[in-house]
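Listed features, source TrEMBL:
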BINDING   90-95, 142-145, 177-186, Asp212  FMN binding site
BINDING   Arg304, Thr539, Ser599, Arg600, Lys605, Val606, Tyr607, Val608, Thr609, Asp642  NADP(+) binding site
BINDING   Arg460, Tyr461, Tyr462, Ser463, Tyr484, Gly494, Val495, Cys496, Thr497, Trp680  FAD binding site
DOMAIN    84-228  domain 'Flavodoxin-like'
DOMAIN    285-525  domain 'FAD-binding FR-type'
TRANSMEM  20-41  transmembrane segment
Amino acid sequence: MDGTPEVMETAAEEVAAEPLVGMLDMVLLTLLAGVSVYYFFIRDTSKKEDSNALKSFTISPTQLTPRANDSSFISKMKSSGRNVIVFYGSQTGTAEEFAGRLAKEATRYGMKGMVADPEECDMSELSQLAEIENHLAIFCVATYGEGDPTDNAQEFYEFLQNGDEELNGVQFTVFGLGNKTYEHYNAMGKYVDKRLIEMGAQQLFELGLGDDDANMEDDFITWKDAMWPKVCESFGIEAQAQDINMRQYKLTVHEEYDPTRLFTGEIARLNSLKVGSQRPPFDVKNPFMAEIAINRELFKGGNRNCLHIELNIEGSRIRYDAGDHVAVYPINDQALVARLCELVGEDPEKVITLTNVDEDSSKKHPFPCPCTYRVALSHYVDITSLPRTHVLKEIAEYATDNKEKEKLLLLSSTSEAGKAEYQRWIVQDVRSIVHILEDLPSCKPPLDYLCELMPRLQARYYSISSSGKLYPNTIHVTANVLKYETPTGRVNKGVCTTYMQQLKPDNGTKYHTPVFVRKSQFRLPSKPQTPILMIGPGTGIAPFRGFIQERNLQKEEGKPVGETILYFGCRNKDKDYLYEEELTAYKDSGLLKLYVAFSRDQPQKVYVTHLLEENKEEVWRIIGKENGHLYVCGDAKCMARDVHALISKICQTEGGMTPSEAEQYVKKMMNQKRYSSDVWS
């Protein structure tokens, strides 16, 4: 095709030189040439494109590419007669689950709802909601990191920050998901609520705040049960929920199928996890199959395990900095998967597709389909988490024993007795859906319904314990293997660490696992000469191992490196002193000043906070006089909270501040990124 103009230009010159060919002949010849080019080249190409598009569609039934107008939620609402839209900002899936429950309940109250991911919507359309009678926008937003929006709510957050839109007449309510052990408790929920009001929207019901440190489910139920009557009153409709079963997905069982077209654990595109044929960039929907190069035990004794894993990312173009997180997609324990199928009397090899009964929904399937029940329960459905009350209520109708049915209905009720029993029988006894069905044997819900009701299995995030500058082709992970006995005598295991523990390369056997890197704000100072003080007991040492490696590299390159101080804590020196040889070598080289607390090596417990208090003059010199950076990594509930209180106290005793001045100083450090936390509860 590129040479066609030149050919025609030459022909034109020849015609000009040869008067025997008339103008009419020229037109006909040109027309004939054009038709020939179309017939042999363009038509064939378009056929191939159509054919490829068709192949692409049939290979991957769960297409992620949105239609041209999919971002217009207003068009969808108007065309389908909906008046309630529930947006979610979710990192672990809980906010998305709550959004789905709210959209379902809208129908029970005589309204019509839909769930929407703000990342896939044109949020500038919010102002047009006022055109829909009796409308309501509900925002279920989680707070991630240090008061940050979740990944899928980042653009919506920026939209609110810009604040150009006027949302007069838009009716909304917000439920925030947070954890009181974190410094910025429910920052996103509070911010969304405040900004929407500032932009002119009308708050139809008060802001709800869920605390995962206490009972998120209880907080959510209490909030929504008060919210719906208020909404109904505002809309002038009867506030009586109809107790109807609202199945979201319909089941198709495939008797005949092509095995090559079944999903086997992929997050999105079929065959996307095939080693050797992956395509960058790699992210949450397209993880990289990293080879496990090393998987060794770190503990030297006792009945606990801690893994040091090195993931090979060579050729992936994945880049990371010390302090970033690596996400690993786990696989559920196969014994639990088999047991669940056995309890409900279902064949794990049955091939199924679950399809959304709402044709307007952007989410056609709850997870990639078609697949077997075994694949769904292994890769996509969270079968080890504690079932929420709505799950218990839905499965109660499948209990044939009246006492067992009453038990489930009590557990799912909002009465004080019901809440107390849920706390005792589910939370304290740590019962998963498998345990519940074992203890209530007459309850046999359809497995496809359980796949719909249970939350999605999420990737697990780990602080990377290596420096990307020293190890550009590998990512190191340091992780405790979770394993404990419940009050009912069962042994519960951590999903991801149990899965990873089995992946030990040996005798030429290679294992790969899907991973991606999530960027973090947990960063070394830009100037190497800035002193740093790191507090990381247990596996909290992970990011600091990367920090120390990087500081050592800077030192070897001749750069001026400031004081590098680490406070590490463990139970026993001879059992769980992580990376002892490495840390000792860095200490002996003069790079690292090391303080270690062994909590159980003497009659009295000794923790990192005790050592910090002993060295309070040095701590104040670093953070108060030399503008140093303070880092905390590990348990949020106790350790991080105790460290925060102690730092505030040191500001008072060593810095001569009042309690309020000390708190202001600590907050100032946080705002300046001089006090950073990477904590979990």
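Using the three backbone atoms N, Cα and C, a Cβ is placed for every residue, glycine included.
Across the residues annotated as binding FAD (Arg460, Tyr461, Tyr462, Ser463, Tyr484, Gly494, Val495, Cys496, Thr497, Trp680), the widest Cα-Cα separation comes to 23 Å. In this entry, Arg304, Thr539, Ser599, Arg600, Lys605, Val606, Tyr607, Val608, Thr609, Asp642 make up the residues listed for NADP(+), with the farthest two CA atoms of the set 25 Å from each other.
Per-residue pLDDT, averaged across the domain 'FAD-binding FR-type' (285-525), gives 96. The number of other CB atoms found within 10 A of the CB of Tyr185 (FMN binding site), across every protein chain shown, is 17.
It is 21 Å from the Cα atom of Ser599 (NADP(+) binding site) to that of Tyr484 (FAD binding site).
The binding-site residues near Tyr182 (FMN binding site), taking a 10 angstroms Cα-Cα threshold over the set Arg304, Tyr462, Tyr484, Val495, Thr497, Lys605, amount to none. In this structure the alpha carbons, written CA, of Ala142 (FMN binding site) and Arg460 (FAD binding site) are 17 Å apart. For Tyr185 (FMN binding site), the nearest of the binding-site residues by C-alpha distance turns out to be Tyr462; the candidates were Arg304, Tyr462, Tyr484.
Applying an 8 A CB threshold to same-chain residues 6+ apart, the list for Thr497 (FAD binding site) reads Leu307, Ala479, Asn480, Val481, Leu482.
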